[in-house]
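Here TrEMBL flags 2-130 as domain 'Formamidopyrimidine-DNA glycosylase catalytic'. Under the heading region 'Disordered', TrEMBL lists 300-399. Here TrEMBL flags 327-338 as compositional bias 'Polar residues'. Residues annotated as compositional bias 'Low complexity' in TrEMBL: 366-378. Summarising the annotation, TrEMBL assigns compositional bias 'Basic residues' to 390-399.
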């Protein structure tokens, strides 16, 4: 969070209330982690004062203000970035952590502007994973220049979508999170559209049937458009959506069916095993990491910094291991099934048995040459669903 619908809600609010007005005063936080200002925050502020806001633009999860002359301020929302306009109601998205009514501007404000008519707005970020930058032309430089087509403004045709999936040999959840493939889809949207299209998060994209691809294409359009139409107000999301039941990795059900959690695309993932099943060769060889493995890998150590927030976290070297179900897959999210199958086989295992290791790799984008080590842009494909084959150790036969 926030994802495309939340950022689009912020863009629409700025477009409706701030366009055509001149920036009379600007205050940028002296926070080098969030505010990328090589010439200093004072120079950043001077570049803003006197400029007129022409439009509010967005691509994927990035927003920028087009002024009457460059440079233009750009906002990458990270885990908890938000736009607030004084006196204007805004949607508080899931896990929004700043209450603008308590103080104004908030102590977490990173960019504050007062306009010539007295209206004030602020970009806040309590967790400090957002980025505020100045660009001469935001669309021609990273991170925006590296983004794929916007899920709302530039939807792929069905045929192009099918063709693209057919050439991708990685897990579908990892692919959806890759911002160079489609921009704007984050963890909750990916989980939602896969649930609605009945696709397992670890299913290899190129192995999907045409029917599944078409269902996924349709779900992406429907979920994104609906969430945008209601200004990302979670209270107005359909009650049957997985969204309402997926947070905190707590046991639960959706529409009477059990929700389970695995790691897919390097992210904590909610899915419904009864409806989302692995097909083809994967159904007999892949067992996803269970919650115990998530804890071991550090995915569930902080209930507030959860997998759905990990787009902007500093990449961690962690490995999520899934084991081969030797002979059968009784339950996709338990390691015990594979252990039981191994125990019942009797005798030793021959070298060459398939064991699947999923390595989580995150790519860090250097934001216009500054602070590249602080966050992942989410553009490079996370290869955690790619399977590496290696030989298993010999197991001594039981006496």
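Each Cβ is built from the backbone N, Cα and C atoms, and glycine gets one as well.
Predicted automatically and left uncurated, TrEMBL annotations should be read as such.
The average pLDDT computed for the domain 'Formamidopyrimidine-DNA glycosylase catalytic' (2-130) is 93.
Within the domain 'Formamidopyrimidine-DNA glycosylase catalytic' (2-130), the DSSP-based counts of helix, strand and coil residues read 22 helix, 45 strand, 62 coil.
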